[in-house]
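Following: one structure in structure tokens, then a few remarks.
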Amino acid sequence: MSRRAEALLALLGVAALVFAAWAAPWLRFVLTVALAKGLAVLGILLLLRAGQVSFGHAMFLALGAYTVAFAAPGVPEALVLLPAAALLAGVAGLLIGLFVVRYRDIFFGMLNLALSMVFYSVLEKFYAVTKGTDGIRVPPLSVAGIEPARETQEWVMFGLALGLALFCAVGVRAYLASPMGQALAGIKTRETRLEFLGVPARRVMLFAYVLSAMMGGAGGALIAMTSRHVTPQLAYWTSSGELIFIGILGGAGSALGPFLGAIAFELVRVYAGAAVADAWQMILGGVLLAVILFAPGGLIGILSRQKRKQA
Amino acid sequence: MGEWFAENGLLLGLAGLDGLSYAALVFMVAVGLNLVFGVLRIVNVAHGSLFAIGAYTAASIGLFFTSRGLPPAAGYAALLLGAALVGGVLGPLIERVVLRRVYGYEDVLQLLVTFALFMILEDVQKLVWGVQPVFQDSPMKALGTVEVPFGDDTIPFTAYQLFVLPGVAVATLVGLAWFLRRTLTGRVIVAVTTDKEAAMAMGIDATRVTLLTFTFGAALAALGGALASPTTSLVPGIGASTIVLSFAVVATAGLGQIEGAALTSLLIGLGRSAAVYFAPELEVVVPYLIMVAVLLVRPQGLFGVVEARRV
């Protein structure tokens, strides 16, 4: 997709989102959560560029969410908690990354899965600290020192998510176009040759991994602030699967894909859940199968194909 | 040490017995997963659903038999029937209709296709059997309990878990080793696992081998589920927790070795049940800690073979 088309799509998307959030107030919550998830998926997109699937990235999302839940009673300020959550997730990403970037393919995926399951059961089993599966309620937060009313609060969270989403999408786009980002694609095609060129593949991976962990943490923090309740389910392996699902649904070809995918995912989930309470997973699974079989480029792929036909 | 042993010896013995029967079940699932990965090169996330559906089907058939006044021994026929039915119907269905379409695709997409299948099968299971626990233990009751001598004491343990589960697992291990190494069909499967292109050049019908292997793996998972069904009440979510555990086994063992999968199942089964008795909050974590520890030292898994790097 050309640069202009992408910018146009982003602008149209922002306008559509703001309009939807204004026209249907109940959608504001759904869209904020979708944007937050999209942020985490954007991180996964970086690793997908290197051909690696982390089947445990929900741990960073959960880490961000629990950071907010634990720190909120002491520091009820969204603008402090959000960067703090992202930073903590980044540090965790660095420590875990130092270990997992040495592995590729199934081992990379499974190690991430293993570590996320460890985190999940810590959250679930240490009831005294984490309240187990009951989860923790997040108290109302102030933004820049002001404690807004309920509706304003919703708008503020929505705006925060939207702004962060745009910022990160632009950042990721620039990063992927830089030599560091290009090297990621090199890891996917033939890592050995990359090293012959003198590019340290593991360091390239580590950088991407830390970035993706930070985006996961920021997404998780936004989810905790919006839904005001965190549970260990956030870190379960099916949540990680969901994130990859969203990445493929939206399309890995553009930084806008994750957000497009996340919004489609959440909307299908809400509507399918309301229509057939016991079969929404089946419907989502069916959608995923259809996308992979008939549109492997994801939603963004469908859009850009349409564009090319017109031109 | 002696004092600790006098106090906890019995518990240790019980943990050992429990671990053994648990390892048997884990092995049944993990070995099928390993076999399928070898030939299809797909990490089958839906493998856990086959375990769950096998368990539910066997329990339903068993309950039907009991309601018709058949003797408890018929419960064993129900277990086998359930496994054969699920493996024989769902296995070919999944491979023929879905997986066959994505063989040329990227790894990520293949993985996600099985994740989509997992989501669909999870809801199928809820729609068919509901969310209420299903319980059918007549095969286990029929054999009664055995007093296992342990030091000066005895530990009462069900004969089913003591003999049937490990017995079937050992029979599977020996039978599979014989099948893969001594029969033509088995050797053909090994050939396709080792080098698909060369095998096809020799005139092997890889399409047929793939179908056969997948069906076989599915039947093993379903049999594992069927065997597990008398020992526990069946609830939604057993498929999800089984599959992550067998991922851990497969990654710890390294790919391709069935004896390795057996030893690793034993290691992880014993480790987990030791945790159940001595540090319950670590129950879920132990298998993953073992996996992480093993992969730190041996990145290719305990029994995996190092592959040459492609240039």
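Cβ coordinates are placed from backbone N, Cα and C, and glycine is handled just like the others.
If you look up TrEMBL, you'll see B:20-43, B:50-67, B:73-90, B:102-121, B:159-180, B:209-228, B:234-253, B:260-279, B:285-306 marked as transmembrane segment.
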| request: Take the transmembrane segment (B:73-90) and find every residue of the same chain, 6 or more past its ends, with a Cβ under 8 Å from one of its Cβ atoms. | output: 50, 53-55, 57-62, 64-66, 136, 138-139, 142, 215-216, 218-223, 225-227, 229-230
| field | Interface check, the transmembrane segment (B:285-306) with the transmembrane segment (B:234-253), three or more C-beta pairs under 8 A | value | yes
| remark: Sequence-distant contacts of the transmembrane segment (B:234-253), meaning Cβ under 8 Å and at least 6 residues beyond its ends, amount to 26-27, 29-30, 33-34, 37, 43, 45, 47-53, 55-56, 59, 118, 121-122, 125-126, 129, 131, 133-135, 224-225, 260-261, 263-265, 267-268, 287-288, 290-291, 294-295, 301-304
| task | Could you pull out which residues elsewhere in the chain have a CB under 8 Å from any CB of the transmembrane segment (B:209-228), counting only those six or more residues past its ends? | result | 24-25, 28-29, 31-33, 35-36, 38-40, 44, 47-48, 50-58, 78-80, 82-88, 90-92, 94-96, 99-100, 164-165, 168, 172, 185, 188-189, 192, 199, 238, 242
